[in-house]
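Undergrad: Annotations per TrEMBL:
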{"type": "TRANSMEM", "residues": "21-45", "note": "transmembrane segment"}
{"type": "DOMAIN", "residues": "23-314", "note": "domain 'Major facilitator superfamily (MFS) profile'"}
{"type": "TRANSMEM", "residues": "65-85", "note": "transmembrane segment"}
{"type": "TRANSMEM", "residues": "97-115", "note": "transmembrane segment"}
{"type": "TRANSMEM", "residues": "121-142", "note": "transmembrane segment"}
{"type": "TRANSMEM", "residues": "154-174", "note": "transmembrane segment"}
{"type": "TRANSMEM", "residues": "180-202", "note": "transmembrane segment"}
{"type": "TRANSMEM", "residues": "271-293", "note": "transmembrane segment"}
């Protein structure tokens, strides 16, 4: 009996890990699209602004707006993403972020045919930038809440990895397709549609369901995430979630929140992470990602203008 029990436990553990990896990757599809959004100017600026080929072209100033407007919309999405996933749920939030993505990528794919105007491009960049901000909040929250502590450290890194893959993908498409940026935008649309189709199959966050006093659904969701049909397997973890939520619900005042933030275990990681991202941005990494195509000719690098950003990403 003992070997059989050990075999059953190992099988349950393996199934749980596979499910957690699968839901993490699916939940972070929005981060993949965020990477495509970030790298898209490198795909479009060359043929749209820098190229001498016949067809529709934008001015340097318009190209600057196309590049930067997504960065303006993204913080708005970040600010609204938290309240959105709290109100609608983590899974629904992941679905909602695909709506502006779909509309935005469609608009980006409509220039120069049928529209020969910069405005659909700017509107598309605003919508996809907004969706990228939503994805940051929704994906990070969902991943942190559905993953077991022993896998959390590993799987929370899926978000930046998916973003990096998205940047690499848009560079690769730009290099392969050259002046046909509309095909890359169409692929962004297809990925968004696939994401919105499969997102309803994600189990809702048990913690969010518990916060809505739906213990039965929370237990069922946790069982799905852990790959078991027996409540016994998740009994301890479920009790920890209930206890954690109960202790959290007793600290709802701004005073208690401020007191918590004054603790070293709260403010030290916050300072470290903010300094990390500040230094990262000041290092110019985003500028290189966005304006890789424009930087290439100024350095007299003899490659097709989309090849150099691709090499940098590699």
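Using the three backbone atoms N, Cα and C, a Cβ is placed for every residue, glycine included.
Quantities reported herein were computed from a predicted structural model and do not represent experimental measurements.
In the displayed structure, how are the listed features positioned relative to their neighbours?
TA: Outside the transmembrane segment (21-45), and at least 6 residues removed from its termini, the chain residues within Cβ reach (under 8 Å) are 63, 66-67, 70, 94, 97-98, 101, 108, 121, 125, 128-129, 131-132, 134-136, 138-139, 142-143, 146-147, 155, 158-160, 162-171, 173-174, 181, 184-185, 188, 191-192, 194-195, 198-199, 201-203, 225, 286, 289-294, 306, 309, 313.
Within the chain, the transmembrane segment (65-85) has long-range Cβ neighbours (under 8 A, six or more residues past its boundaries) at 37-38, 40-41, 44-45, 48, 58, 92-93, 96-97, 118, 121-122, 125-138, 141-142, 208, 286, 290-291.
Among residues of the same chain six or more beyond the transmembrane segment (97-115), those with a C-beta under 8 A of the stretch's C-beta atoms are 30, 33, 40, 44, 55-56, 77, 81, 121, 123-131, 134-135, 138, 181-182, 185-186, 188-189, 192-193, 195-196, 199.
Counting residues 6+ beyond its ends, the transmembrane segment (154-174) has Cβ neighbours under 8 Å at 20-21, 24-25, 28-29, 31-40, 42-43, 46, 136, 139-140, 143-144, 147, 181, 183-184, 187, 289, 292, 306, 309-310, 313-314 in the same chain.
Beyond its flanks by at least six residues, the transmembrane segment (180-202) meets 23, 26-27, 29-30, 32-33, 36, 40, 43-44, 47-48, 91, 94-95, 98-99, 101-102, 105-106, 108-111, 113, 124, 128, 142, 170, 173-174 of its own chain at Cβ-Cβ distances under 8 Å.
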Undergrad: Averaged over the domain 'Major facilitator superfamily (MFS) profile' (23-314), what pLDDT does the predicted model reach?
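TA: Here the predicted model's pLDDT, averaged over the domain 'Major facilitator superfamily (MFS) profile' (23-314), is 87.
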